[in-house]
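K.L.:
Quick one: structure below, then a few questions.
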Amino acid sequence: MPVDKQSDRIVLNHPKGSSAEILLYGATVISWKSGSTSSSLPTERLFVSSKAALDGSKPVRGGIPVVFPCFGAPTHPDHSKLSQHGFARSETWSLDSVVMDNEAGVSVKLTLDPNGRVTEKFDKPFHLEYVVTLAEHQLSTDLHVKNTAQSTTPTLEFQALLHNYIRAPSEEVLITPLQGVSYYDKTESTEELRTHPKIEQRSAVDVKKFTDFAYENAPGKYEVTWSSGKVEVKATNFKDVVVWNPQQEVGSKIGDMEDGGWERYVCVEPGYVRGFVKLEGGQTWVGQQVLTAKL
Ligand SMILES: O=P(O)(O)OC[C@H]1O[C@@H](O)[C@H](O)[C@@H](O)[C@@H]1O
């Protein structure tokens, strides 16, 4: 069955062998198995910690959590009651429809609307749609954010990011092209240093050290390469990209991170995280991430 609707998740199966699993909790993609142009064998492309909770008790440590309406700790007054990375990753979404079901793609749409728990902390009108499309060697995740206010106000101001955990050996992985792009280094010890932009000097970025960099106005298409693999991350309307790997220094303190988990992934997260998208009533914004297995 190309779209298998289970009680807590949706499983997509493409006729050419790739598959994906999406938890309704957080609309979190927790598996993407795909071959590539050079190997037809579907292999897991995403990392999920073996200690991750998949029962809706906390955001999933791995896969592709959806970050909305704030990235990191809230910095906007409208978000002040929210926790780190907002609520989209810790609410249960609804399956709206099967959008497409053929060789070009197997695609479903999930939705999230305000509920009591959310409005207590965030009272702006919104409607979220998340379209996940599986192709032979590709996974597309499109986040549609609508301000459902009947008049132009209130404005919906938000940040959004698709927090992929790409399965790759972090000792080897290189990310390009980020040379010359300015970034904010969240590993710095003081607020002053964290808010002072640096310029990336490296032609290829590695994550051998603890890395938590938010690149601003980045190119929008990135190659993540290691000796036996390559994944392309392509972004539309996500002007920034966050490169994160905690390494042992920080990873060993993350409760739901499996031992040595930081050696098995890199996050190259397309987002709108510097500044805020501002939507008037009736307007919609769409941010897209396309992951392609190249090797
Ligand atoms: O532990 P969380 O809330 O899932 O966040 C994981 C990481 O997510 C990254 O996107 C942030 O840049 C990091 O600062 C953060 O530590």
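Numbering starts at 1 and runs along the chain as displayed.
Backbone N, Cα and C atoms are what each Cβ position is placed from, and that goes for glycine too.
What TrEMBL records for this protein is below:
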type     : residues            : note
BINDING  : Arg61, Gln84, Arg89 : substrate binding site
ACT_SITE : His163              : active site
ACT_SITE : Glu269              : active site
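Let's see these features in context: how buried, what's close, how far.
P.N.:
Within 10 Å of the C-beta of Arg89 (substrate binding site) we count 22 further C-beta atoms, all protein chains included.
Sequence-distant neighbours of His163 (active site) (same chain, 6+ apart, CB under 8 A from its CB) are Ile64, Pro65, Val66, Val67, His85, Arg89, Cys267, Glu269. According to DSSP, His163 (active site) sits in a coil region rather than a helix or strand.
Secondary structure from DSSP puts Glu269 (active site) in a beta strand. Within 10 Å of the Cβ of Glu269 (active site) there are 26 other Cβ atoms, across all protein chains.
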K.L.:
Using CB under 6 Å from any atom of ligand 1, narrow the binding-site residues Arg61, Gln84, Arg89 to the ones that qualify.
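P.N.:
Within range of ligand 1: Gln84.
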K.L.:
Quick one: which residues besides Arg61, Gln84, Arg89 have a Cβ within 8 Å of the substrate site's Cβ centroid, in sequence order?
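P.N.:
Here the non-site neighbours turn out to be Lys58, Pro59, Val60, Pro65, Val67, His85, Ser90, His163.
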K.L.:
With an 8 Å cut-off on Cβ-Cβ distance and a minimum sequence separation of at least 6, pull the same-chain contacts of Gln84 (substrate binding site), or say none.
P.N.:
Gly72, Ala73
